[in-house]
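As given in Swiss-Prot:
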- H118: chlorophyll a ChlzD1 binding site (BINDING)
- Y126: pheophytin a binding site (BINDING)
- T2: N-acetylthreonine (MOD_RES)
- T2: phosphothreonine (MOD_RES)
- Y161: site 'Tyrosine radical intermediate' (SITE)
- H190: site 'Stabilizes free radical intermediate' (SITE)
Amino acid sequence: MTAILERRESESLWGRFCNWITSTENRLYIGWFGVLMIPTLLTATSVFIIAFIAAPPVDIDGIREPVSGSLLYGNNIISGAIIPTSAAIGLHFYPIWEAASVDEWLYNGGPYELIVLHFLLGVACYMGREWELSFRLGMRPWIAVAYSAPVAAATAVFLIYPIGQGSFSDGMPLGISGTFNFMIVFQAEHNILMHPFHMLGVAGVFGGSLFSAMHGSLVTSSLIRETTENESANEGYRFGQEEETYNIVAAHGYFGRLIFQYAGFNNSRSLHFFLAAWPVVGIWFTALGISTMAFNLNGFNFNQSVVDSQGRVINTWADIINRANLGMEVMHERNAHNFPLDLAAVEAPSING
């Protein structure tokens, strides 16, 4: 008997690296998008933690009045934030080597731009990695499509809005109270509450929460009992089992009698598509709204739109919102200008008619 042995050529280092990167057998899938995602997210996270703890005050408005954002400079978890890059920098690319010194870079808010740009690259690569893993496992690509909604929202507030307004100083601060400040100022300057795309986003988020709670409670209430009364119903499920774990007919019948016959889904696949699509489409619209308001295509203005036969203004809730907007605009960046643009007009807007 003759044995013929074929000597396999040793695989190159690059080939082994490619196989390891794209292997679905790894505990955590890396993928080609992961090659870029890992360093960018690690950089953004590391700089965020360091800056949140120890960054010196930043001259956000470019008027030599620094604003403190870090814990070591008097803030707590609620009030602390990464202060946006100075208005003196505008939209310029501002890496460390563009500043005369690290102190100057910190004073002008360089960490904000570094964190935001690395973060946006990282989350975009995370979305690509979701698609890549789905592709390699033979799955459909809708996980990455759903994740595109928060990616679009983050891109809108951290990149598109600063581009439209002309400065990274108008981007959303990276902190709790900074986020609230951004929301208040955005309302004052763009009347976002009266923008239909924001309304669709609210419907998407609250509606998605409602539908998720309804679906979860219906499924939990119609589980097929596999255990005794003394055991948890959850013990009756085995991972990977072929049998249905709940009675969709019972859930559909309950919901149809609670509201009306055709209110519930009788197809589990279309139901779950709806649960995914509703909030995703809503957040897409919100991101689109932020991106249009970035270029000052603002919410509806119904100020003083109702008058009586004598021409006297009858105030509506739109006028109440307008008054609140003026108050918020007066208070923000109070040292950067003498008057907000709305109040510095030749003819002051009438409030009481």
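Placed from the backbone N, Cα and C atoms, the Cβ positions cover glycine too.
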When the Cα of H190 (site 'Stabilizes free radical intermediate') is compared with the Cα of each of the recorded positions H118, Y126, Y161, which one is closest? Y161
The rounded CA-CA distance in Å from the residue listed as 'pheophytin a binding site' to H118 (chlorophyll a ChlzD1 binding site) is 12
Among Y126, Y161 [recorded positions], residue with fewest other Cβ within 10 Å: Y126
In DSSP terms, helix, strand or coil for H190 (site 'Stabilizes free radical intermediate')? helix
Determine, to the nearest whole angstrom, how far the Cα atom of H118 (chlorophyll a ChlzD1 binding site) is from the Cα atom of Y161 (site 'Tyrosine radical intermediate'). 17
If you count the other CB atoms within 10 A of the CB of H190 (site 'Stabilizes free radical intermediate'), including all protein chains displayed, you should get 22
Using a 10 Å cut-off, grab the number of neighbouring Cβ atoms around the Cβ of H118 (chlorophyll a ChlzD1 binding site), all chains included. 20
For Y161 (site 'Tyrosine radical intermediate'), which DSSP three-state class applies? helix
